[in-house]
């Protein structure tokens with residue numbers, strides 16, 4: 001069927017029906033007195049408007065007076081507005097570039113996805129992209145035993161002249177009918193079922209935006225070859241989705257455990273069959289297929305052949321952080337592991353915000369979305385609520401999504417989603433790691449939430465009533481610094497919060513400090529007996545870890561001294577000290593510290609070097625090693 005490129009097609013577009021209904025009651029009061037209310041014969045209700053200050057963001061219109069009867073256009077003037085109805089929540093538009101398509105919409109979105117109408121196929125995103133299907137040429141899919149007549153979007157099957165009844169060609173004798181029914185019926189029934197299943201899978205594939213997904217992965221052939229997984233393979237992997245294979249589920253689906261290609265996998269199945277869930281599924285696939293980070297769950301593939309789309313990703317064996325904190329028992333994850341898990345989650349979220357090809361806001365960071373493997377390595381999961389954010393865009397206007405207790409309070413005031421919203425949720429996660437209390441259900445006697453109570457106690461300088469006793473015992477005072485960082489993350493105003501990169505760096509520094517503290521600050525007294533001499537070992541970052549015996553140390557360090565890279569605040573070194581080593585003589589300076597030639601670079605910040613008569617050295621980390629550990 002041919003179509004003219006100039007043909008104008010009018011589409012009825014759903015435009016935020018709920019929002020417009022809410023605005024209906026205040027429309028009269030919200031519009032200024034000097035705002036245009038008509039363009040030609042079209043009424044312009046608030047929140048739409050023409051002049052600046054007369055409309056809400058995203059609802060601006062243009063009135064073109066160059067026509068005999070002025071015409072109203074959306075935004076920049078490419079799409080004509082034919083009618084606006086606030087009560088029904090619709091806008092009727094017209095454009096020569098619109099083709100026959102079915103348009104799906106959702107909260108906060110207009111024309112989010114398009115697909116060709118029934119009876120058409122092709123690309124709905126280009127002019128004349130939807131072409132009529134010739135059903136008569138596809139006899140196997142559209143059986144017609146009479147005369148087949150193709151029509152736009154459908155077909156008609158009619159009996160030849162002089163006949164009537166069903167258009168089915170059966171010419172059999174009385175005896176043949178019995179044989180056909182006896183031996184052919186099972187075969188025919190099976191063929192019909194297979195054909196129906198095939199058509200159903202194709203239908204689901206289209207409804208699940210399979211064409212859009214194919215277009216997405218076609219840019220990377222290697223991804224496309226492994227991403228599409230058949231329903232038959234997943235049924236085999238899960239024993240037909242046996243309920244015994246269910247291992248959990250979040251706000252966006254149920255998760256099954258299965259075996260696929262000899263690998264243990266997790267298969268996620270959406271709970272609710274609504275357009276928003278389908279959109280979130282495709283969104284999750286799009287995000288995860290382009291993310292490669294050791295602390296982000298790895299996507300393996302997907303299946304679009306079912307009414308409910310399926311995701312297949314790596315199986316993380318040790319459950320969720322939520323389970324370890326709140327279900328396991330009185331003793332939970334050690335404080336050192338909690339601190340490391342927090343750092344790993346911060347790394348992943350900082351990567352999503354700044355290091356991936358396009359920034360991603362997760363929007364639902366919480367302990368039940370943090371998976372742990374056998375070594376308690378953190379994996380951030382559940383990207384159903386996430387959104388890609390263009391680099392030149394600082395936030396996204398969105399319907400409120402997330403989990404109560406973790407949700408940025410600024411959502412409720414601005415409807416704006418920024419990277420600082422993830423920072424707030426991460427701050428709540430830090431509080432949860434410190435207290436082992438559930439943010440979504442915790443309340444004080446007077447109804448206060450966990451975060452408010454925590455910050456209040458921190459301000460008073462008394463966290464003992466709320467911090468997990470295990471943390472108090474194992475934290476060695478570090479939890480105070482983590483508590484302060486958490487309080488910074490949950491500040492009410494987003495601008496007052498740090499970025500996730502800054503949070504990551506703060507936790508990195510805390511980890512380094514913790515490791516250095518484990519290597520006790522040490523000093524050595526040399527009593528003149530060479531056989532009893534001990535040496536200092538510092539860090540693991542220098543190109544040599546131990547100095548040779550004292551006499552040899554002086555020679556080595558004398559050669560290294562001219563190449564020392566010294567900064568006033570930090571001296572990096574690895575060294576051995578003894579009276580015998582002083583035979584090389586001479587010193588170099590770093591800031592206010594004088595260093596004998598036998599000391600060189602390394603990774604430890606020196607707080608003090610005191611060598612009266614070559615007897616003592618002090619530093620902020622290190623350990624004593626004996627002669628047996630010193631290489632010859």
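Just so you know, glycine gets a Cβ as well, placed from its N, Cα and C.
Note that TrEMBL annotation is computational and uncurated.
Taken straight from TrEMBL:
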BINDING   269  ATP binding site
DOMAIN    132-169  domain 'EGF-like'
DOMAIN    241-519  domain 'Protein kinase'
SIGNAL    1-29  signal peptide
TRANSMEM  164-189  transmembrane segment
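DSSP assigns the residue listed as 'ATP binding site' to a strand segment in the three-state reduction. Sequence-distant contacts (6 or more apart, same chain, Cβ under 8 Å) of residue 269 (ATP binding site) comprise 241, 253, 254, 255, 256, 308, 310. Taken as a whole, the domain 'Protein kinase' (241-519) shows an average pLDDT of 83 in this prediction.
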